[in-house]
Amino acid sequence: MSSNAKWLNKVKWDEHGLVPVIAQEVGSNDVLMFAWMNRDALAKTIESGEAIYWSRSRKKLWHKGEESGHTQKVHEVRLDCDEDVVLLKVEQVGAIACHTGRHSCFFQKFEGDAKEGDWETVEPVLKNPETIYK
């Protein structure tokens with residue numbers, strides 16, 4: 001599949017050629033993570049049926065789970081009303097989406113009020129990240 005496919009032109013890419021992506025678990029509707037895609041990543045995601053993102057730090061395509069085995073099988077791809085955010089409905093293989101070894105990257109919850117509040121960890125580590133990554 002070409003990253004010049006007509007359907008890719010509908011996406012409003014930012015000035016760096018990227019679009020924000022939210023990965024949501026298809027069964028539970030849990031928000032698992034936030035990442036970025038370029039045209040190539042989105043085209044390869046559609047083609048392969050697994051989530052492939054763009055790593056801004058490494059400046060390369062990143063097949064989610066390539067090291068850990070915690071891949072994301074894509075069930076749906078949606079584009080928001082402004083056409084500038086992509087939602088992936090995924091099946092998270094191995095139940096771990098976060099590099100910290102947790103189910104979701106959104107494991108910190110704000111508790112309290114504006115003056116005395118703080119971020120609390122509300123999800124357990126399911127697997128030690130040192131044993132996940134080589």
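Using N, Cα and C of the backbone, Cβ positions are placed for all residues, glycine too.
Pulled from Swiss-Prot, these are the features on record:
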type	residues	note
BINDING	Asp80, Asp82, Asp84	Mg(2+) binding site
BINDING	Cys81, Cys98, Cys105	Zn(2+) binding site
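Cys105 (Zn(2+) binding site) sits 21 Å from Asp84 (Mg(2+) binding site), counting Cα to Cα. Remark: of the binding-site residues Asp80, Asp82, Asp84, the most isolated position is Asp82 (fewest other Cβ atoms within 10 Å of its Cβ). The binding-site residues under consideration are Cys81, Cys98, Cys105. Their Cβ neighbour counts within 10 Å are lowest for Cys81. The residues near the Mg(2+) site, meaning same-chain residues not in Asp80, Asp82, Asp84 whose C-beta sits within 8 angstroms of the mean position of the site's C-beta atoms, are Lys12, Leu79, Cys81, Glu83, Val85, in sequence order. A separation of roughly 24 Å, to the nearest angstrom, links the Cα atoms of Asp84 (Mg(2+) binding site) and Cys98 (Zn(2+) binding site).
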